[in-house]
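Taking it in order: structure first as structure tokens, then the write-up.
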Amino acid sequence: MKKFRKVLDGLTTSSPVNPGGSPSCGSAAGTPSTAPTPRELEIQETLMSEHFQICKTVRHGFPYQPTALAFDPVQKILAIGTRSGGVRLLGRPGVDCHCQHESGAAVLQLQFLINEGALVTACADDTLHLWNLRQRRPAILHSLKFNRERITFCHLPFQSKWLYVGTERGNTHIVNIESFILSGYVIMWNKAIELSTKTHPGPVVHLSDSPKDEGKLLIGFESGTIVMWDLRAKRADFRIYYDEAIHSVSWHHEGRQFMCSHSDGSLSMWNLRNTAKPFQVTFPHGKTQRDGRKESCKPILKVEYKTSKNSEAFVIFSGGLSYDKAGRRPTLTIMHGKAIIVLEMDYPIVDFLVLCETPYLNEVQEPYAVAVLLEKDFLVVDLTQSNFPIFENPYPMDIHESPVTCTAYFADCPPDIIPVLYSIGAKHKKTGYSHKEWPLSGGTWTVGSQTYPEIIITGHADGSIKFWDATAITLQMLYKLKTSKVFEKPKSGDVGRSAELVEEDPYAIQMISWCPQSRIFCVVGISAHVILYRFSKHDANTTITVSVLLNVTVKIDSTCTESEYCGHRVKDRMIRMPPGYQAELVVQLLWVDGEPPQQITSLDLNSAYGLLALGNCNGLAVVDYLQKTVLLCMSTLELYGSADPFQRLTRSPRKNRQSTSGTHALCVSESHKCSNTVCFFVTKLRENSFSRSRSSSVSSIDRETKEAVTTLQFAESYGRKSDTLPTPCLWVGTSLGLVLIIPMSIPTDEQERTVLMLKASVLRFAFLDCGGALINCPYEVWRDQHAPDDPDRPRKRKLVNFSPSSSQEASGDGHLAVVCSERQAKVFFMPSQACLYVHNITESSFVLRADVVSVCNSVCLACFCANGHIMTLSLPSLRPLLDVNYLPLTDMRIARTFCFTNGGQALYLCSPTEMQRITYSQEMCDNLQEMLGELFTPIETPEAQNRGFLKGFFGGNAQTFDREELFGEAAAGKASRSLAQHIPGQGGMEGMKAAAGGVVGELARARIALDERGQRLGELEERTALMMTSAETFSKHAHEVMLKCKDKKWYQF
């Protein structure tokens, strides 16, 4: 410890870098003649622009602002539409695909072509799209844009190629799915209703064909009018005029009766034999009042009426609660026989679907589950068990359980870390789920050949941390940690100025630092606190103690209460810590005179040194977390000493009570062995001190007079030009573009201060050896401190050092330091500090995130700018390799969560509930098809049940209904061209290739071939008829000429 304590002595005695006092930067900084030039280094760079390409890989999380739901009962694939025009397709775990409409219009409705590998989407811009799902990345085959009418409802009968489209005007159009062209057959609203009706029936809210007869179409209008339209006869079979608005309609499978849900919270049952009035009207949640009237209820937005062979029918609906029960959560009601089960939901219900065994509407449905889409969640209820449990969701739909505030992405982790985290996290999983397998089992997915362990860590607003297994483009939660458990719960009676200034989310995570090898984990909270965790497989009983606050420069008045100085109190009693990450150290910046501390802007941790460094806009602190001791605490100006390039002056704290308003205390509290707490003050800079204006930026500090510490990194480096071997150093980057190198060793002579300069705030440091390879930071090998005593277990710390000094060949050769700021990147040669390469990344914008990453067995500098550009630069020459305008910065959320990692991958939060992973590696783009899941698998459509002779004889018309005869061009003619415009899609060729396999594809090809043959025969017949007509005309004219010239002599012509 003596050598670390002498660091303060070495820092307080400073000497100028050079007589001029200017920072040593580049060749103008007096570079020694012995410094190598770029040519002398002879680093072979292998990365070329051909190695890079931007491509989205996979999207995780819950679809943001969902609007629609659909399910293919044969393929067992589910689709969710969103307000921003996105479509999410879900199957078995690993089968998870996101599609996006270019228009960005909200998805109103989804319709699967059941077992055909296709999906129809109806969007708010009144356009229909046909998606091909027979390829790993779905594409649009056709689009149809309605020009004069607005789409309100769509219905596609099973095994039909004709789509019914209802509109806001009350008309019903019919679209051919194969050609995506409108049929001339139109059901106009004024023909559907009686001529004597004086009012418009409103938009079409429901369309369905009768299970008993496909030639009958049930049309529901918003006003309460229901029409059964005979498609063959082109007239209405019956009309129902109900005085309550209709929201949905559901048929009984026999086709003799149907159920409607209404805006007054009622359900009405209708029988086709007598449509004069409903034979049953019920208010499931409406009680009869004393005067005999039903209490008013909320609308029932949707109802599903499903039959079962071995039990009573299921009636499932959403809404319908009485208005007097204020504060009740949204509900899904399941009526099964006489039992009524009400399931309360955490969020409003957007849509739900009853999953049934058969795709045929005229068979007993046999429902087995209900898929419920909520505003912020998705769940599936098991109908086969009496208590209706939910299935355990295999998709990461709870990323947004608390808003994500920061992310970290680690590729190529140690292989043992994921199983260890999973085994501990599995002990805390919820129970009570259905024992059956997840019902969405469609598609196929296999782990690709090129996989390596990947972990994503998310920090949340409630102070929780989630570790996710991100291997092979999947996402599965491993372990959850709650940082708020370190602190006492605030008492409800605590009222004061400090309580008023506390953030809404006082435990929100700002930064994450994790060393996978040593398993040491550190988080920074928004309330200016740092918590250090160590990993253990065993539980531990420890006491986190906080003693009286001490100040190394000013004595705090003993009459002041602790609550005035600290926003959160660390627990001061014996607590049990379960296996996993256990808090070892808490560092707090304390409140002073009711003023909150400045937020921490930078953090770094090194397990080999046992040191933790943190900085904010006031200064820098270095803590020895092994000995629970503060090694260094200085303002930014004091770090420079006389080497300050701007010759600013420091101000020492005043020796009176008022000085505390100009300082912030830092408290170190520990949970092991040491009971003393060390506190010190970081001096605020004077308001009139030097300030260098910066261009607009979204960095974590304001444009004030302070110089913030924006980045920190421990490394084996050269703190002085005279050093011959690398030693432990701390690299410090500031908001003014200055870099300081602080040696963590005993100075043998007058210490020379190293100051380097760049444009704008410094963001990232990295170090390369003279061969161009990345030098990783040294670390301590993990050992379980709470494991039972084992004589074979080593007690000493085992360190792994990647320093060039560990190699005799590289000893004394120096290394390269890569420094990236918001506008510029530089490569310095150490220890001479010569600037070898400079590259101005951007002039019109600024860099939000920069990382030195490994790609294709080499390293590069990856940058994400505020103007949406993603760039990669070669190292060490800083040669531009990639510059793509990928994503404009539309939200601070993207700036806060964007991060790069090794292997050419990156991620960001594309919405408050979704995480988007991308790749900038050409190799990964090429292998992406292999990694993605297949949405479509060839499955034979189940055969329809044999109805039997008597049932077919007495059960109604069993004849087949040929829609082609009614809706085809020959019978119905062509629709008006101005009504809708056909737009060919981009995925046509891929769709034709994909449709080549499978029974359905063969049938589709045969059908298309027959259509084409019939079309050619029709054209040939038309040509023959034209030729015959032409021949008859010619014969007639020839006969007339003959008669005219019959009696004339030759000389009369």
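Positions of Cβ are set from backbone N, Cα and C atoms, glycine also.
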Range among 1-37, 667-703 that TrEMBL annotates as region 'Disordered': 1-37
Listed range which TrEMBL flags as region 'Disordered', given the options 273-299, 786-812: 786-812
Contact set, same chain, for the repeat 'WD' (239-274): CB under 8 Å, 6 or more residues outside the stretch: 192-194, 197, 205-206, 208, 210-213, 218, 220-228, 280-286, 296-305, 307, 313, 315, 317, 319-322, 361-365, 955-956
Helix, strand and coil totals (DSSP H, G, I; E, B; other) for the repeat 'WD' (239-274): 0 helix, 21 strand, 15 coil
